Amino acid sequence: MWCLIHLLLPPQGRWFWRVRRNRVLDNYPMPIGHFWRGLPGDIDAAYERHDGRFVFFKGSQYWLFREANLEPGYPQELMDYGRDIPYDKIDTAIWWEPSGFTYFFKGDWYWRFNEHSRAADQDYPKPISVWGTSVPSSPKGAFLSDDGAYTYFYKGTKYWKFDNHRMKSEPGYPKSILRDFMGCNVDLNPDRDTDVDPGRKWPDRPPFNPDAGRDKDKDKDKDKDKDKEKEKDKEQDNTNDVDFKEETEEKTNEVDVVLKIDETERTMNIIMVTVPLVLVLCILGLIYAIINTLQRKGAPKYLVHCKRSLQDWV
């Protein structure tokens with residue numbers, strides 16, 4: 001069972017709290033539009049039906065949600081929700097588990113609505129005074145305790161407690177909903193109208209923002225976009241420089257040739273040329289050394305013998 005308290009932070013009606021065991025759960029309040037997509041702000045009333053669907057009212061229209069998903073075809077007009085209920089506005093709605101009926105409150109009157117027949121019961125509306133002092137005029141919201149023993153009605157920063165078993169109002173109310181449910185330290189004056197309270201104090205921690213991580217991602221994307229724009233600007237500047245050079249060359253008939261040499265490739269070319277030259281020089285030096293050696297030692301003996309033999313033969 002959910003409890004929606006949606007009137008305690010400006011701008012009015014754009015936040016909601018989830019309450020369990022008379023305390024607000026962590027990470028709340030949360031913007032209404034971030035959880036229930038398609039729901040407008042500043043709603044009039046909301047309640048969870050017996051079938052688990054959520055119904056939100058604003059003016060003469062209502063929205064039907066299954067969990068956090070808006071059902072197709074909504075919003076619709078209040079006159080389509082059921083017969084003999086207020087068709088212009090609903091201040092508070094609650095499915096009352098002790099009786100199995102839904103109760104609509106508006107001004108000083110309330111209606112008992114049958115979810116199966118989709119119509120208000122006969123002899124309704126009735127005055128709110130039937131509930132004793134537990135229900136203020138034009139209440140803003142209502143919810144059941146976890147055990148179903150009590151019903152809480154609230155308006156502004158005040159809340160009232162109704163005993164479902166004894167069908168009586170609990171004494172000592174209204175009390176501060178800020179202090180008892182929100183954990184705020186406030187001194188509530190029950191005689192003061194808290195719907196418009198300039199001295200209102202809110203929790204120290206800021207409301208939970210489920211888009212915080214998205215905002216950071218958006219900032220990163222913006223930084224990336226800025227870097228891309230800078231790169232585009234640089235490319236544009238380079239393009240402009242090339243265009244300017246081309247225009248200058250056309251006018252002066254002079255061409256600037258820019259050679260970009262790869263240092264590694266140039267080094268390899270030098271090595272490939274130098275090594276063969278060194279080898280050739282080494283070979284030539286070796287041949288020269290051999291010739292000098294032969295000249296110093298004279299002709300070999302077998303050449304001299306051959307020469308004498310030829311002379312004798314002649």
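Including glycine, each Cβ sits where the backbone N, Cα and C put it.
Lifted from TrEMBL, the feature list:
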type	residues	note
REPEAT	40-85	repeat 'Hemopexin'
REPEAT	87-135	repeat 'Hemopexin'
REPEAT	136-184	repeat 'Hemopexin'
REGION	189-248	region 'Disordered'
COMPBIAS	189-204	compositional bias 'Basic and acidic residues'
COMPBIAS	212-248	compositional bias 'Basic and acidic residues'
DOMAIN	245-314	domain 'Peptidase M10A matrix metallopeptidase C-terminal'
TRANSMEM	270-291	transmembrane segment
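For the repeat 'Hemopexin' (40-85), the number of residues in each DSSP class (helix H, G, I; strand E, B; coil) is 3 helix, 20 strand, 23 coil.
Secondary structure counts, DSSP: the repeat 'Hemopexin' (87-135) has 7 helix, 21 strand, 21 coil. Here the repeat 'Hemopexin' (136-184) is broken down by DSSP into helix, strand and coil counts: 4 helix, 20 strand, 25 coil.
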